[in-house]
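One structure below.
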Amino acid sequence: MKAAIAQINTAALRHNLAVVKRHAPQCKIIAVVKANAYGHGLLPVARTLVDADAYAVARIEEALMLRSCAVVKPIVLLEGFFSAADLPVLAANNLQTAVHTWEQLEALEQADLPAPVVAWLKLDTGMHRLGVRADEMPAFIERLAKCKNVVQPFNIMTHFSRSDELEQPTTREQIDLFSQLTAPLLGERAMANSAGILAWPDSHCDWVRPGVILYGVSPFPNTVAADYDLQPVMTLKTQLIAVRDHKAGEPVGYGANWVSDRDTRLGVIAIGYGDGYPRMAPNGTPVLVNGRIVPLVGRVSMDMTTVDLGPGATDKAGDEAVLWGEGLPVERVADQIGTIPYELITKLTSRVFMEYV
């Protein structure tokens, strides 16, 4: 019997892609599958999202894995290439690349490639992490437009820094700046991330780039996927391996950081930080057992976690426990732990069995 299982609902993946299309019906879709498809499995997810127009990854290794498994649709490297030595690999595998530094531009100009590559000029409109600044743009695009190793016209993209904060003016300012800077350019444009797709329709350009919403996670604080008709794709579950009577005044686990104030029954579930469940999960973090929410108690161990089933509980070893997913939104769990759902879903270890349904 497998201990920890991440059940991946492929029908939910397709449903969430349909939600994206409903919000941006005139746009082409770049499905973001970086970081092992946000922890959901790169190849199975890409194969499920066959109705996307392209894929985006962060690392060239991810792109090459897709190509080696007969994925032929366009693939965009969101961070671009890291070395001039990568360029022949990009050209040979028909990979598209972001371009955001002078060093990348110089490498493109000097390369000897069998065919030009599709390039996405990444503009810094306010994220201030990657991208060409507005004052650098005229000189940069003059050279990029003349580069023999770039398919012309080149495309343009940017990335939002606060699109999940609807009350902040930053996203509006980024949209306006990007629109102004790119108005004279002929290439295709991409602005909208997950939050942009749902909340900022003015950011819908030729392309949109859904990420976390494809996996049934809300990009906004204090909300859950269902608020936007999204369905959770990952359900992380395990089983009770022991049910024990526990007396008032007794602690449980390393460090004795939880002491029961009543006689109760505790359940031990087969998951821990060795599986990627966060050790920092505090007492009270919700776990779903037999259809009801019970609190995590005691410190998360490498292989086990303890929950308070309550006095007189009839749960037994072998019963299912859900850590997040169907019936227990990952957003709620992340809030309790003090992190973001992105971190939870991307940090599962290889010990967790991936089950696709």
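Glycine is no exception: its Cβ is also placed from the backbone N, Cα and C atoms.
What you see is a predicted model, and the numbers here were worked out from it, not measured in a lab.
Copied over from Swiss-Prot, here are the features:
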ACT_SITE  K34  active site, proton acceptor
ACT_SITE  Y254  active site, proton acceptor
BINDING   R129, M302  substrate binding site
MOD_RES   K34  N6-(pyridoxal phosphate)lysine
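Mapped onto this structure are the features recorded in Swiss-Prot.
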residue	record	Cβ within 10 Å
K34	active site, proton acceptor	19
R129	substrate binding site	10
Y254	active site, proton acceptor	12
M302	substrate binding site	11
Exercise for the section: Please report how many Å separate the Cα atom of Y254 (active site, proton acceptor) from that of M302 (substrate binding site), as a whole number. Expected result: 11
Fill in the blank from the handout: Rounded Cα distance, in Å, between M302 (substrate binding site) and K34 (active site, proton acceptor) is 27
Exercise for the section: In whole Å, note down how far the CA of K34 (active site, proton acceptor) lies from the CA of R129 (substrate binding site). Expected result: 18
Completion exercise
K34 (active site, proton acceptor), DSSP three-state class -> helix
Problem - In three-state DSSP terms, the structure that R129 (substrate binding site) belongs to - result: coil
Practice task
Look up M302 (substrate binding site) in the DSSP assignment and reduce it to helix, strand or coil.
Solution key: coil
